[in-house]
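K.L.:
Have a look at the structure that comes next, please.
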Amino acid sequence: MSFELLLQILSVFATVTLAISGVLQAARSEMDFFGALVLACVCAVGGGSLRDLLIGATPVFWTQDLIYIFAILIATGVTIIALKFIPEGKGIRHLLLDTVDAVGLGLFAILGAEKTLQMGFAEPIAVVMGVITGIAGGMMRDILSQNLPFVMRGEVYASAAIIGTISYTFIRLYFPETVAIVAGMGIIIAIRLISVYLGINIPQVTFRREKK
Amino acid sequence: MSFELLLQILSVFATVTLAISGVLQAARSEMDFFGALVLACVCAVGGGSLRDLLIGATPVFWTQDLIYIFAILIATGVTIIALKFIPEGKGIRHLLLDTVDAVGLGLFAILGAEKTLQMGFAEPIAVVMGVITGIAGGMMRDILSQNLPFVMRGEVYASAAIIGTISYTFIRLYFPETVAIVAGMGIIIAIRLISVYLGINIPQVTFRREKK
Amino acid sequence: MSFELLLQILSVFATVTLAISGVLQAARSEMDFFGALVLACVCAVGGGSLRDLLIGATPVFWTQDLIYIFAILIATGVTIIALKFIPEGKGIRHLLLDTVDAVGLGLFAILGAEKTLQMGFAEPIAVVMGVITGIAGGMMRDILSQNLPFVMRGEVYASAAIIGTISYTFIRLYFPETVAIVAGMGIIIAIRLISVYLGINIPQVTFRREKK
């Protein structure tokens, strides 16, 4: 299997996971079918589109290969039907959203950094673009459904993407690109899932508090 | 009248309708004059700008032809003055907003799809870009004025744009471009207005509900 | 000192002031460290990035010169530490935010207009791009932290940027570019700060009110 094909498969897989996370959010916000489709699209290709715009790689990636749009359409349809069979309560829906989201985050962050490096940008820019690719879609989803972007409030999310993409830029100096990509994705997914399951949070930024 | 001139006239007309819808929303959100101007601009050129960015048609269209900015300025000024003469109550303001919005939606969705096809993209991409051109400005307006984008909550809005642009891409295979454009716009405006007047909604996406 | 160097120094200085304003907002919204970093980035380079995208000057400016990213990182770290020493109450934090914000607004609005003119766009487009460069970052900050963009609600903010950039486009016809830049920045900062300190507001756009 060629390296480019591997990248494309991972990219489509990440698209599907984030489209699902968009539909799950739409159901929680009581949107209609088309709202769910819009949210799935924004979630799935929002981050990668923003990256492509910022680095000047236009037209954006999903206009060049119809597989992304069809993957989102199918994922949205299947998820809407599947939603009827997920039992209520016990936090299972929330856990499901967190898990598919973590996988999408890991895949897209590293793929975003890889593309940026391929285009000749410096490592720090690749890290920023990787983080944008990973988190911007979810931030747009949260804004469109009128939630405070959860990436910004104490959860280990952007930080997982930052640590993973920085690791990736170092690992690829000493190991083959494929190893660095897989390792980077694994680091992000692991950090994110561990923090979700253990309930680890990041301290808030605060002003000085007066002593009571 | 040449075809290009027709497109430009329709485009300026759509710009004016959406600028008006931005000002109406600004008045409902109690913004100041400059807030109204910003909202009018976002509403009027937001969707088309996003489309141009995504398909790589930069600089965006309104930087190349000053008529758009001046049309928005005049429409904003006239609307702010006209607002003083629209009687309160009876839902007339809401109906007015819906109607100008429907016209803007129909014009921009088809114009967006047409431009995308002109640039050589595939039909599905043209449909997506048409929908973006039609609805993104209104979504930005709703987000900036802190409302849940109404396109996402049960109203027949994005769906009208989707049906109309898909119809357009088929009609143009068998009829002249001008006919296809007018028919596509007519379909969108008709679907949208009929659903508004009859109060037709789209079912929500929901999780399984336990039996009570 | 060369003209280009002066522009770059002003640009980095504006980046720092807006990054600080992002961190101050993050602290007010009880975000975590990474949320503060994201908000600082959005605030500092959001307006300039949007301008670069719209005028087709991609890749955007901060991907070509690492000084912007490092300036934001340092400003964010220093501000988070400094926050512990700013006493509560008396409106000092709010005043601080307004002041750094005013300086960032003035610098970025004129720099944005200057870059747009340099690239050969017409004066009205330069004014629009100047205003976008100045206010879009702050609007994105407000949306991400779920506040109604304060630029739209009665404060003399966008209007200061509009007056200042229009003045700049006229002054440069008769005076050297450097004079026009400094004058334009001074006008914006002065109008904004005077209106803050004197509490001057702009009337709201309203529908006709029935007589009681």
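Glycine is treated like the rest: Cβ placed from N, Cα and C.
If you look up TrEMBL, you'll see B:9-82, B:100-171 marked as domain 'Glycine transporter'. Per TrEMBL, transmembrane segment is recorded for B:6-26, B:33-54, B:66-83, B:95-113, B:125-144, B:156-175, B:181-202.
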K.L.:
Quick one: do the transmembrane segment (B:125-144) and the transmembrane segment (B:66-83) have at least 3 Cβ pairs under 8 Å, skipping pairs fewer than 6 apart in sequence?
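P.N.:
Between the transmembrane segment (B:66-83) and the transmembrane segment (B:125-144), which are separate recorded stretches, there is no contact, as judged by 3 or more close Cβ pairs.
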K.L.:
Taking a Cβ cut-off under 8 Å, which residues six or more beyond the ends of the transmembrane segment (B:6-26) line up next to it in the same chain?
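P.N.:
For the transmembrane segment (B:6-26), the nonlocal Cβ contacts are 35-36, 39-45, 65, 67-68, 71-72, 75-76, 79-80, 83, 93, 96-97, 100-101, 103-104, 107-108, 111, 114, 137-138, 141-142, 145, 178, 181, 185.
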K.L.:
Relative to the transmembrane segment (B:95-113), which of B:33-54, B:66-83, B:156-175, B:181-202 accounts for the most Cβ pairs at distances under 8 Å?
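P.N.:
The listed stretch sharing the most Cβ pairs with the transmembrane segment (B:95-113) is B:181-202.
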K.L.:
Under 8 Å, at least three CB pairs between the transmembrane segment (B:66-83) and the transmembrane segment (B:33-54) (pairs 6 or more apart)?
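P.N.:
Output yes: the transmembrane segment (B:66-83) sits against the transmembrane segment (B:33-54).
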K.L.:
Do any residues, 6 or more residues outside the transmembrane segment (B:33-54), come within under 8 Å Cβ-to-Cβ of it, and if so which ones?
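P.N.:
Counting only partners 6 or more residues beyond its ends, the transmembrane segment (B:33-54) has Cβ contacts under 8 Å with 15-16, 18-23, 25-27, 60-62, 68, 71-73, 75-76, 79-80, 104, 108, 111-112, 115-116, 129, 132-138, 140-141, 144-145.
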K.L.:
Give the mean pLDDT for the domain 'Glycine transporter' (B:100-171) on the 0 to 100 scale.
P.N.:
87
K.L.:
If we skip the immediate neighbours and take only residues 6+ beyond the ends of the transmembrane segment (B:181-202), which ones have a Cβ under 8 Å from one of its Cβ atoms?
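P.N.:
Those are 7, 10, 95, 98-99, 102-103, 105-107, 109-111, 113-114, 134, 154-157, 159-161, 163-165, 167-168, 171-172, 175, in sequence order.
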